[in-house]
């Protein structure tokens with residue numbers, strides 16, 4: 001089990017760090033009191049491997065919390081629990097700028113002087129920083145760059161290319177565009193099997209309908225160009241930190257053309273090693289509602 005304790009200066013990026021760890025599959029808990037760390041660790045280890053990666057954000061500004069944290073860390077070491085400390089740091093100038101931009105009050109500056117609060121917190125956290133296994137200074141890092149730094153330290157690099165989960169979703173425009181779509185493609189320009197008497201009753205999952213849709217030159221040109229575009233977009237989406245991508249493909253009713261095209265795109269992505277799911281949202285919608293045009 002990998003057990004990471006995340007701490008550091010206020011405004012240095014702890015919230016973004018925990019989000020990045022969550023994207024990497026860590027079970028994350030924010031602001032757990034240090035006294036509860038031993039019991040939490042024991043509970044996680046007793047899951048028999050169901051929880052393999054844990055990250056805790058610990059807020060230890062108060063003096064009593066320091067004693068509690070060091071006692072808890074001592075207990076973990078004595079009991080054989082391995083842990084790592086990730087410390088987030090930043091320069092005074094950058095922290096002041098971030099607090100001013102967010103219009104937040106520093107938690108240790110009751111007099112309103114941000115710099116005084118930062119100085120006090122920096123002194124209190126010095127011993128924790130000295131014990132840290134990894135220190136990330138976020139002064140010059142954008143959100144994406146911090147995420148990349150987290151991935152470099154805590155990511156499973158042999159699996160990183162598969163962390164973007166793709167869903168190819170067919171739908172019918174008459175039933176509404178899926179609200180969670182990232183990309184939407186309209187295939188109503190393709191020849192419609194609905195108007196072919198012997199195909200009307202079938203769906204795009206049936207070979208005879210799929211063969212009909214894919215038999216046209218315009219269909220193959222569209223699929224090829226869409227695949228080329230996805231080959232360009234997917235690695236760039238991942239580079240920017242995206243972990244889920246929903247590609248929605250729509251026709252009129254969501255039963256014939258969109259289903260056939262979605263299946264073609266799904267198979268193409270799958271053959272390239274992507275982690276991809278397929279869903280035909282409206283394939284039976286018109287049958288259930290007694291609709292006509294598909």
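Quick reminder: no glycine exception, Cβ is built from N, Cα and C everywhere.
Under DSSP, residue 9 (ATP binding site) is assigned to coil, being neither helix nor strand in the three-state scheme. Sequence-distant neighbours of residue 9 (ATP binding site): residues of the same chain at least 6 apart with a C-beta under 8 Å from its C-beta are 88, 89, 90, 95, 118, 121, 122, 125. What Swiss-Prot records for 8, 9, 10, 11, 12, 13, 14, 15 is ATP binding site, and it gives sequence analysis as the kind of evidence.
Following the DSSP three-state reduction, the secondary structure of residue 59 (GTP binding site) is coil. Other Cβ atoms within 10 Å of the Cβ of residue 59 (GTP binding site) number 16 in total over all chains. The GTP binding site annotation in Swiss-Prot covers 59, 60, 61, 62.
Residue 10 (ATP binding site) sits 9 Å from residue 59 (GTP binding site), taking the Cα positions as reference.
Residue 59 (GTP binding site) and residue 8 (ATP binding site) have their C-alpha atoms 8 Å apart, to the nearest angstrom. For the ATP site, the Cβ centre of 8, 9, 10, 11, 12, 13, 14, 15 serves as reference, and the other residues of the chain with Cβ at most 8 Å from it are 17, 88, 90, 138.
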